[in-house]
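Features of the protein shown, as given by Swiss-Prot:
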{"type": "SITE", "residues": "Lys54", "note": "site 'Transition state stabilizer'"}
{"type": "BINDING", "residues": "Gly89, Gly90, Arg111, Asn217", "note": "substrate binding site"}
{"type": "SITE", "residues": "Lys277", "note": "site 'Transition state stabilizer'"}
Amino acid sequence: MKLRNVSKNNLNKEDTKLSIEQFGGNVEWFNITKTLSESLPYIQQFSGETFIIKYGGAAMTDKKLAESFAHDVVLLKQLGINPIVVHGGGNKINEFLEKINKKSTFINGLRITDAETLEIVEMVLCGLVNKNITQLINNAGGNAIGLCGKDANLIEAKKICYTYKENQSNNVEKILDMGFVGEPHDINTDLLFFMEESDFIPVIAPVCSGENNLTYNVNADLVAGALANAMAAAKLIILTNVSGVTDSNGNLISELSVSHAENLIDNGTAHTGMIPKLQTCVKVVKEGYGSAHIIDGRIPHVLLLELFTIHGTGTMVVNSGV
C-alpha cells in the first residue's frame, strides 16, 4: 500500500485555521483545540500502521522526559497505531565502562566492540535499560514486552567491517576490524506481527546473534531502519539530542529530500553520530514507502508534536521535496 503524503508542507493549513478571537481570547483553549484539530488527518491516515521508534539520548536519561515518552507510546497504541521501540543506551554503557577504566573508540558513530566491551553492552542494554523502558511503558498503561535481537531469532546479524586507505599516495585498502559489531541481516517479522495483533508493544535492545552463535553489538539506528523496511512501517522516528538535521550554518532543515540528505553526508555537514541516522533514514525512504523523522528528544511529548501537528518539530526525510 502506498501512503498518501501528508507532509508539513503538503497539508492545507486553511482547513484547520482558527483564531484566538473565536475562543474569547482564551489562549489555552485556542492552543488545545488547534492541536487536537490538526491531529485528525494524521490519526486517520496512520491508524493500523506500524511506527518504528528509535529511543535514545536525553529522552532516556531524564526522568520526566522518559515518562512523557512512555505516555506518548501508549497513546499511539490507543489511537490504533502499532509502535515498536528500539533503544540505544550509549551513556549507560559508557558509565559502566568507566568503572573498569575502559575507553571506547568510535568509527562513523559505531563503537568498536571487543569481547569485554560486548559483555558490558549486553548486560546494560538487555538487562538494565531494556527492562527500565518496558516498565515505564507498562506503568503508563501499555502492554510492553522487552526483547533483544537474540530472542526467538528476532534479528540475525552479520559482522560489519570498514575499509580504509592507510596512505593516500596509493590505492591499497585495509580492513578495519570493528570487533563484535554487526549489522541487521534478517528479521523475524512473524513474531512482531503476532505481538502487534496481540496488543503488545515490543521494546527491542540491539544485541543480536550471528553466524557460529556469535553475539553482535548492532547500532540501534541500523536496527530501527531494518525493522522499518521489514515491517513496511509507515514511519521511522529517531530521537536525538539535537533539534534535527541542520545545514552548514546550523539552521534546522524541516523537510529533507533523499538527495539532499546524501549530500550532507558526502560533504561532511553531517558527522559522527548523525551519519548512521541519516544513512538509515535514506535507506528506509528509498526502499520503503513511508517517511523518516529525526527529532529532538529533549522536548516533552515530542513524538506527538512531530507526528500530529502541521509544523512538527524536527526533520522529516522524504523521497521527494526540497
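FYI, residue positions are counted from 1 along the chain as it appears here.
Note: Cβ is positioned from N, Cα and C throughout, glycine not excepted.
Feature map: annotations from Swiss-Prot on the structure.
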| residue | record | DSSP (3 states) |
| --- | --- | --- |
| Lys54 | site 'Transition state stabilizer' | strand |
| Gly89 | substrate binding site | coil |
| Arg111 | substrate binding site | strand |
| Asn217 | substrate binding site | strand |
| Lys277 | site 'Transition state stabilizer' | helix |
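Every protein chain considered, the tally of other Cβ atoms within 10 Å of the Cβ of Asn217 (substrate binding site) stands at 26. Using a 10 Å radius centred on the Cβ of Lys54 (site 'Transition state stabilizer') and all shown protein chains, the other Cβ atoms total 32. The record assigns Gly89, Gly90, Arg111, Asn217 to the substrate site; their largest pairwise CA distance measures 12 Å. Of all the binding-site residues listed (Gly89, Gly90), Gly89 sits in the most crowded Cβ setting, with the most other Cβ atoms within 10 Å. Non-local contacts of Lys277 (site 'Transition state stabilizer') by the CB criterion (under 8 A, 6+ apart in sequence, same chain) comprise Gly109, Asp221, Ile238, Thr240, Ile294. Long-range neighbours of Arg111 (substrate binding site) (same chain, six or more residues apart, CB within less than 8 Å of its CB): Gly90, Ile93, Ser104, Thr105, Thr117, Val121, Val181, Asn217.
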